[in-house]
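Asker: Have a look at the structure that comes next, please.
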Amino acid sequence: MILLISDLHLQEERPDISRAFLDLLDGRARHAKALYILGDFFEAWIGDDAMTPFQQSICQAMRRLSDSGTAIYLMHGNRDFLIGQAFCKAAGCTLLNDPSVIELGGEQVLLMHGDTLCTRDLGYMKMRRLLRNPLSLWILRHLPLSARYKLARKLRSESRTQVRMKSTEIVDVTPEEVPKVMAAHGVRTLVHGHTHRPAIHKLMVDGQPARRIVLGDWDRRGWALQVDEQGFQLAPFEFS
């Protein structure tokens with residue numbers, strides 16, 4: 001069994017989500033061969049050198065799962081792209097490139113966070129290119145902690161404002177981009193998060209039937225994609 005989740009947006013202000021994640025680690029994930037976390041794991045991450053006690057507790061729980069034999073793979077999201085190798089080493093997880101192609105359920109599957117598919121959101125794409133270039137990443141990681149906290153608060157506030165102002169079409173994936181990206185990677189299944197619109201979409205890629213599986217965000221309930229001998233099963237679950 002393989003589990004895939006995304007968009008937990010872990011933060012101290014939402015202990016219900018944190019408890020649900022810890023329950024997953026102590027429960028279903030213990031029986032999984034691997035757990036994939038496809039971005040926006042944390043609501044914000046300003047650097048491995050600034051871990052709070054809350055974030056350290058999550059890291060330690062992940063390490064316990066890793067030590068028990070479940071492999072953990074973590075992909076950057078737009079909220080936590082400063083997660084680095086120091087955190088991953090402590091948590092016992094592997095940092096996964098976005099995009100990545102893995103073998104899943106007997107086929108090659110493309111994994112993405114999903115934000116790069118939203119090409120109609122020109123303002124976001126411009127900001128993403130600015131923040132993700134190597135020079136910007138170096139500068140961000142070497143800013144004083146106070147400056148990083150201030151910048152993170154500013155970006156989160158602006159992001160919430162922009163999402164409210166933009167149409168749903170702009171902040172969703174660009175329909176034409178999806179088959180193009182899938183064809184470029186030679187896959188018929190894509191799994192991503194980011195949009196908070198869980199669903200399984202059918203489409204055609206190079207004249208062949210294909211599917212796009214969108215993971216759900218964790219808010220009022222959690223979401224997980226389970227891949228086993230029964231196939232690909234996307235389903236929500238209630239927080240205990």
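Every residue, even glycine, has its Cβ placed from backbone N, Cα and C.
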Asker: To which of D40, D172, D219, D228 does Swiss-Prot also attribute binding of Mn(2+) 1 at the site defined by D7, H9, H196?
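Answerer: The candidate from D40, D172, D219, D228 that Swiss-Prot ties to Mn(2+) 1 along with D7, H9, H196 is D40.
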Asker: Going along the chain, which residues six or more apart from N78 (Mn(2+) 2 binding site) have their CB under 8 A from its CB?
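Answerer: Result: G39, D40, H113, D115, R128, S159, H194.
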Asker: I need the CA-to-CA distance for H9 (Mn(2+) 1 binding site) versus R79 (substrate binding site), whole Å please.
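Answerer: Distance between the two Cα atoms comes out at 8 Å.
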